[in-house]
Amino acid sequence: MSRYVGAIDQGTTSSRFIVFDKGGNIVSVAQKEHRQIYPKPGWVEHDPMEILSNTNEVIGAALARANLTASDLAAVGITNQRETTLLWDRKTGQPLCNALVWMDTRTDQLVQQFTRDGGQDRFRAKTGLPLATYFAGLKLRWILDNVEGAKAKAEAGDALFGTVDSWLTWNLTGGVNGGHHVTDVTNASRTMLIDLATCAWDDDMLNAFGIPRACLPKIVPSSAVYGEIRTAPLQGTKLAGMLGDQQAALVGQTCFAPGEAKNTYGTGSFLLMNTGTEPVQSKAGLLTTLAYQLGDEKPRYALEGAIAITGALVQWLRDNLKLFDVAPQIEPLARSVEDNGDVYIVPAFSGLYAPYWKDDARGVIAGLTRYATRAHLARAALESTAYQVRDVVEAMQEDSGIRLAALKTDGGMVANELLMQFQADILNAPVVRPKMTETTALGAAYAAGLAVGYWANLEDLRANWGVDKTWEPSMPAETREKYYRSWKKAVQRSFAWVD
């Protein structure tokens, strides 16, 4: 039997291929960044051909580093940045335009139009989602309205819509020569075009948004054999797992029981709680979404708090303000001061997501005095991540009725121990970092491995999970609530900036 499982992890800033063994340990990894394209304020694009090229490159590099071939892999899974929207020509394989990235806000006029006609939550009961620039359905509508020839091709079935999972799968399984046009339930649930209860494309939503059914992919489980990869160097390997990145991290953290939750700290931050086989409708500004579907089992659902900007704020301080040269330098800089000097940063670069859902909010730095230094800004940036996570945790506790016993964490920012301690302090709950922090890729590997019998069951996966470090809260309650009150005040200042 093949010794390993592979995972394609196609994220907002880079593409990676990671090879895992049966214990969930990394055998080999390769990574390559792609360009972020900003044609106008609020617009964010990726080049689909660059993403495809980089994905193929990192697959080859990771295999070469460990001296592996396709025959060493039992299966491959895909995890991807969600909501990022593509439309490509079925006959040529060429994209009709650049991909509209999840944080792109060009659909704000469409959102306002639909909100005026029936309120921000008019489709929430069916889709689990509020009207927002975040979701893929209206991004597709924008492409159909604004890219020459797109609408006619989509209606004729000559243009194919997909999120990044669909784009990669179609290309890897043959492309113009019979590639499989599929998406899994988790990615489909981020389009605003499916009925959560049935996990099927919904005619009412398609009609409301003006989306032709002919361009849509087939919806499949998150763990199932979709076909064989037909491109080198993975030719002949089964493609057998597919999950949006945050759902993949939930699986990678083995949150298989209702009430289990994880928070991923990446470009944005995403807190997901497994709610079992029934969707829980949020009254506190969270999203109701698919968690995963393993083979023929019933789909599992989750509540999600999506935060647009956390790690991206650190990048902004590095790239735009030049406060430091590389991201890890933010921690010693922030540690050089005792507190934030009463400075608060609300990073509403793309509006505010959960639990506020304010597309008209924009970034604010509040509380500045002559006392404030670059170190205070660095500290305020890290703290803003923790405050945003608390906003979401409070909403999640309100919706679920379950108090968070501990927060399982993953993602790039968990290496920042100042942030992890402050997170525990501001939540007044333990924060737990697992030994394996690459849980997004691991979740995709788990989904693929389960589909082909590489792992027998969920207990095999649970046995792989272990704690690296736990941070206990140590901040006095009075201090914690004083800080949080100031944060809430700063958040209010960010609202209603865009007319």
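From the backbone N, Cα and C atoms, a Cβ is placed for every residue, glycine too.
Feature annotations, courtesy of Swiss-Prot:
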type	residues	note
BINDING	Thr12, Arg16, Thr267, Gly311, Gly412, Asn416	ADP binding site
BINDING	Thr12, Arg82, Glu83, Tyr134, Asp245	sn-glycerol 3-phosphate binding site
BINDING	Thr12, Thr13, Ser14, Thr267, Gly311, Gln315, Gly412	ATP binding site
BINDING	Arg82, Glu83, Tyr134, Asp245, Gln246	glycerol binding site
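Cα of Gln246 (glycerol binding site) to Cα of Arg82 (sn-glycerol 3-phosphate binding site): a span of 8 Å. On the backbone, the CA of Glu83 (sn-glycerol 3-phosphate binding site) and the CA of Ser14 (ATP binding site) stand 16 Å apart. Of all the binding-site residues listed (Thr12, Thr13, Gln246, Thr267, Asn416), Thr13 has the fewest other CB atoms within 10 A of its CB. For Tyr134 (sn-glycerol 3-phosphate binding site), the nearest neighbour among the binding-site residues Thr13, Ser14, Thr267, Gly412, Asn416, judged by Cα separation, is Thr267.
Within the same chain, residues at least six positions away from Gly311 (ADP binding site) with a Cβ under 8 Å of its Cβ are Tyr265, Gly266, Thr267, Gly268, Ser269, Ala327, Thr385, Gly411, Gly412, Met413. The shortest Cα-Cα distance from Asn416 (ADP binding site) to any of the binding-site residues (Thr13, Arg82, Asp245, Gln315) is found for Gln315. Residue pair Arg82 (sn-glycerol 3-phosphate binding site) / Thr12 (ADP binding site) shows a Cα separation of 9 Å. Nearest in space to Gln315 (ATP binding site), taking C-alpha to C-alpha distance over the binding-site residues Thr12, Arg16, Asp245, is Thr12.
For the pair Thr12 (ADP binding site) and Asp245 (sn-glycerol 3-phosphate binding site), the C-alpha distance works out to 10 angstrom. If you measure from the Cα atom of Asp245 (sn-glycerol 3-phosphate binding site) to that of Ser14 (ATP binding site), you get 13 Å. Under DSSP, Arg82 (sn-glycerol 3-phosphate binding site) is assigned to coil, being neither helix nor strand in the three-state scheme. With Thr12, Thr13, Ser14, Thr267, Gly311, Gln315, Gly412 listed as the residues that bind ATP, the site has a largest C-alpha separation of 14 Å. Under the DSSP three-state reduction, Thr267 (ADP binding site) is assigned to coil, being neither helix nor strand. With every protein chain in view, the residue among the binding-site residues Arg16, Arg82 whose Cβ has the most Cβ partners within 10 Å turns out to be Arg82. Around the Cβ of Ser14 (ATP binding site), the same chain contributes Gln31, Lys32, Glu33, His34, Asn54, each under 8 angstroms and 6 or more positions distant in sequence.
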